[in-house]
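As structure tokens, the structure follows; a few thoughts come after it.
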Amino acid sequence: MSLASEAAPAGVQDKKTLGEVLKSSMGVLGPFIMLILAILIPALTLDNFFTQRNIINIILQASIYIPLVIGMTFVITGGGIDLSVGAQVALVGVIVGSWLTAGTMPIWMILVGALLLGTILGTINGLVISWLKIPDFIVTLAFMEIWRGLALVHSSGKIWHGFPDELRGLSTYRVFDVLPLSVFLVFALVFLGAWMYRNTHFGRYAVAIGCNRDSATTIGISVDRHKIYQYGFLGLMCGIASLLLMSRIDSAQATMATGYEIHVIAATIIGGTSIFGGKGNVWGALIGALILAIIANALILANVQVFWRLVATGLVILLAVTINMYRERNAG
């Protein structure tokens with residue numbers, strides 16, 4: 001058999017049908033298609049959707065989720081999950097809120113303290129998961145109650161408000177008189193997170209651990225140590241998100257960020273991160289956060305009752321998981 005005849009079948013096999021190309025592209029195109037639909041539907045049906053004020057409100061709401069979805073991308077890629085992010089945001093918030101209103105510490109020290117506190121909470125999650133060998137879901141479910149309970153204990157029902165201009169300025173100061181400063185800070189975080197995911201051991205090891213934990217151990221990766229790093233990094237993002245939320249609402253209380261964990265996980269999955277681990281997309285997670293913020297905003301503008309908003313959010317999460325499973329089957 002000639003070389004030409006041997007090469008021909010291989011060339012034929014390399015050709016893909018249009019359907020196969022579309023299926024293989026869903027992981028990249030899927031989040032963009034959902035974002036376009038999320039924008040078009042309310043834009044065509046709601047008169048007050050496409051206003052500058054409303055668009056800024058959507059971006060501000062998404063900017064609070066975005067640090068969380070960046071951190072969650074690394075955790076889920078590494079085969080984990082964290083149900084305690086909302087409670088971490090709340091605990092950091094009430095502690096930092098009490099520091100801010102006490103007026104006994106310089107603002108820069110309080111801001112650094114918020115980041116350290118978030119990192120400590122996330123690291124504790126990772127340590128317990130690694131040491132006790134209990135599934136991530138169970139540990140973080142328990143810590144969701146623990147962190148929220150500690151926030152309630154610390155606050156005793158108190159609400160702190162009237163924060164310094166240095167904090168409130170994150171949401172009130174407009175760059176070029178258009179976008180809040182916090183938006184630029186968050187997008188800088190996205191660039192950093194995407195770079196870390198693709199170009200550092202931190203990101204590559206998360207992929208390796210999520211793909212096959214045993215193989216990662218075989219090639220010399222300390223799985224437990226990097227699990228701790230991943231949860232610590234997510235805790236750091238919780239500290240940042242807490243500051244952003246406090247700057248926007250100018251208050252802190254133990255019930256803040258309730259339900260954030262579901263929205264963050266859903267946004268991460270919508271963005272293309274595999275719920276089974278081993279594959280993530282920081283830019284996709286950004287799109288997922290924008291999609292959920294747009295949906296929430298559109299439901300409010302449409303005067304949908306809060307109970308039905310919860311139903312709609314649940315349906316979006318179910319759809320996201322279904323699409324994720326579909327992508328995984330086609331990838332396989």
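Quick reminder: no glycine exception, Cβ is built from N, Cα and C everywhere.
All annotation found in TrEMBL is predicted automatically rather than curated by experts.
Residues or ranges marked as transmembrane segment in TrEMBL: 28-46, 58-77, 83-100, 107-131, 175-197, 228-246, 258-276, 282-300, 307-326.
Each of 58-77, 228-246, 282-300 was scored by its Cβ pairs under 8 Å to the transmembrane segment (107-131), and the highest score goes to 228-246. Counting Cβ pairs closer than 8 Å and at least 6 residues apart in sequence, the transmembrane segment (28-46) and the transmembrane segment (282-300) reach three or more and so form a contact. For the transmembrane segment (282-300), the neighbouring stretch richest in Cβ pairs under 8 Å, chosen from 175-197, 228-246, 258-276, 307-326, is 258-276.
Across 58-77, 83-100, 175-197, 228-246, 307-326, stretch 58-77 shows the highest tally of CB pairs under 8 A with the transmembrane segment (258-276). Through the fold, the transmembrane segment (83-100) approaches residues 68, 71-72, 107, 110, 113-114, 117-118, 121-122, 125, 137, 140-141, 143-148, 150-151, 154-155, 160-161, 163-164, 167, 234-235, 238-239, 241-243, 245-246, 251-261, 264-265 of its own chain, all at least 6 residues removed from its boundaries and within a Cβ separation under 8 Å. Among the stretches 175-197, 228-246, 307-326, the one making the largest number of Cβ pairs under 8 Å with the transmembrane segment (58-77) is 228-246.
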